[in-house]
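Each remark here refers to the structure printed beneath this line.
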Amino acid sequence: MSKLGVLLTICLLLFALTAVPLDGDQPADRPAERMQDDISSERHPMFDAVRDCCPLPACPFGCNPCCG
């Protein structure tokens, strides 16, 4: 019975190690690089700094928040 327990423990450990995805290269793990690729609304060319929002024609192009 102890051999079966040892075998079961080894199998469970191996399965647990292979089931965990190693996704260290995903953008969520590298926020600094993700922020370099992202254009924030404040730097968007159509952002209205006085009203602190984007005109409606700019909203489909990723400028947020929209002046409604």
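Placed from the backbone N, Cα and C atoms, the Cβ positions cover glycine too.
Predicted, not measured: the structure shown is a model, and the values here were computed from it.
What Swiss-Prot lists as signal peptide is 1-19, and the listing cites sequence analysis.
Here Swiss-Prot flags Cys53-Cys67 (among others) as disulfide bond, drawing on similarity to another entry. Sequence-distant neighbours of Cys67 (disulfide bond) (same chain, 6+ apart, CB under 8 A from its CB) are Asp48, Arg51, Cys53, Cys54, Pro55, Leu56.
Under the heading disulfide bond, Swiss-Prot lists Cys54-Cys63 (among others). Counted within 10 Å of its Cβ, the other Cβ atoms near Cys63 (disulfide bond) come to 24, all protein chains included.
Feature annotation from Swiss-Prot assigns 4-hydroxyproline to Pro55 (among others); the stated evidence is experimental evidence. Secondary structure at Pro55 (4-hydroxyproline), taken from DSSP and collapsed to helix, strand or coil, is coil.
Annotation for Cys66 (disulfide bond): spatial neighbours Cys53, Cys54, Pro55, Leu56, Ala58, Cys59, criterion Cβ-Cβ under 8 Å with sequence separation of six or more. Among the features that Swiss-Prot reports, disulfide bond is placed at Cys59-Cys66 (among others).
The Cβ neighbour count for Pro65 (4-hydroxyproline), using a 10 Å radius and every protein chain shown, is 12. Residues or ranges marked as 4-hydroxyproline by Swiss-Prot on the basis of experimental evidence: Pro65 (among others).
Taken from Swiss-Prot, the feature cysteine amide covers Cys67.
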Work out the three-state DSSP category of Cys66 (disulfide bond).
strand
Determine the Cβ neighbour count for Cys59 (disulfide bond): the number of other Cβ atoms within 10 Å of its Cβ.
16
